[in-house]
Amino acid sequence: MAIRVPTRQLFIGGEWREPVLKKRIPIINPATEQIVGDIPAATAEDVEIAVEAARKAFSRNKGQDWPSTSGAYRAKYLRAIAAKITERKSELGKLEVIDCGKPLDEALWDMDDVAGCFEYYADLAEGLDAKQKAPVSLPMETFKSYVLKEPLGVVALITPWNYPLLMGAWKVAPALAAGCTAILKPSELASVTCLELADVCREVGLPPGVLNILTGFGTEAGAPLASHPHVDKVAFTGSSATGSKIMTSAAQMIKPVSMELGGKSPIIVFEDVDLDKAAEWTLFGCFWTNGQICSATSRLLVHVSVIFSVLNTYQMTSQPVLYSSCFGLIFHDLKSRIELLFLKALHQSFWTGLSNGPKRLRFLILLKKVVGLAQLLVEGRQYEKVLEFIATAKSEGATILSGGDRPKHLTTGFFVEPTIITDVTTSMQIWREEVFGPVLCVKTFGTEDEAIELANDTHYGLGAAVISNDLERCDRVTKAFRAGIVWINCSQPCFCQAPWGGIKRSGFGRELGEWGLENYLSVKQVTQYISDEPWGWYQSPAKL
Ligand code: NAD
């Protein structure tokens, strides 16, 4: 089906607006490496105008247009946005595919999640009304106290490219539900669907300036936005390096920030598992979203008694090429038949396999039957970066068990084979750093304590998964994980009702669920003196 990338401008104050410096950034379809359109490139000049528009929207009509209306009023807009996203799901999904290269099926799931997220925060906006003036019990009868939950003000929402519209929705929906006005700055690498969100906001008649969308480079648009003195909060999702820069500039103004950053998450597979299921979750946990997911469980820790990767029937039949050059659209169908067989073997034979030449060879040949699925990365630099990670792992002595290169049959496009790396030590780069691409590194363990120690051997703390039939063990491991999200007998499922976020260098603050709404609310204490008696300041005994 034909799809054309619409030409859009910045969305400021409810209108399309050409960037002051008239700059634009080309959109490159990662599958074809062809330019398929362009997006406006905002600079500090546009940031000024957008922040002003958001401030006006916050204070217009003494706040009665947005922040001081009821949650129920704001919920109507959120529901209208959700309905439009659903109506335009197919078109938006295809635009996402062209823009960031994700499989169409996944892009369509994302659109359902986007609509679901707006619906969910519409519910929470409605619920907010009943939570106002929650009483606080005090130890003195002469006073009463309650709490108001108020929107923080103008918020900057800065997002990455791996879930372009969904990451936007995770921030826009709760921010608007809370009554904030916002400026969304999506990634320069994938902004197309966020500009379509602007179109949706126009269509549903969102009051002008409540949501402004500025596309552009991080340094030119993101940095002046994050450091703007009239921005009351920055909610950021992206790399730890950029998060650190934003925190540094926010610190100058004591500006609150929330940080959703990178990860290097572990998945522990114990010996008592159903091997088929364990294998499927392991692969899904690392290779879904073409491996470009912050919470990817990209460090597989597997018990030595399980021959972890005898993937002797694992076939990922890559059919990436229902490709239509006229539309620049690629449907790389990942409905691959993933037939994995994790064979159990005796502890002893595994070790023999590792120490004995011919057996080790046989083992590796079995593992190499992992047939390359073409995974498409967002852009050329990311593609180069992933290949460099693999080359460094090789040069440091690791073994590339499968993948490790671009698929031979694809000469254009930023495709990389899903890559499994063994013989990894804990000092190697591939063990320590986030690849943000389809690369799984594997280590074995002997005891539960060893598994936990290896799992927590990282600066990051976003996700962690444990696969075992022993639920008591799962419980122990869950408590021992130093991570913000734990999956038991699965990896990656994400629900907008549950909190999302990390610890350590994966960031702080939580998105989604009621925690996501709290991100954009300020708590105001209101205390009233209710006694008829004079206060009697220095009267003895003291009243306080
Ligand atoms: P990035 O840090 O390069 O960019 C993220 C956003 O920040 C973009 O919009 C970019 O333009 C902007 N930006 C860049 N420099 C800036 C600056 N100096 N000031 C203000 N804004 C600036 O990250 P990316 O490459 O787009 O995304 C990949 C990273 O995002 C990975 O590390 C991944 O783990 C992380 N991520 C985390 C989560 C999570 O929920 N924790 C989700 C998705 C992605």
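Cβ coordinates are placed from backbone N, Cα and C, and glycine is handled just like the others.
No curator has checked TrEMBL annotations; they are predicted automatically.
Pulled from TrEMBL:
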ACT_SITE  GLU260  active site
DOMAIN    16-314  domain 'Aldehyde dehydrogenase'
DOMAIN    378-526  domain 'Aldehyde dehydrogenase'
Tell me, how many other CB atoms lie within 10 A of the CB of GLU260 (active site), whichever protein chain they belong to?
28
Residue counts (helix, strand, coil, in that order) that DSSP gives for the domain 'Aldehyde dehydrogenase' (378-526):
44 helix, 40 strand, 65 coil
According to DSSP, does the residue listed as 'active site' sit in a helix, a strand, or coil?
strand
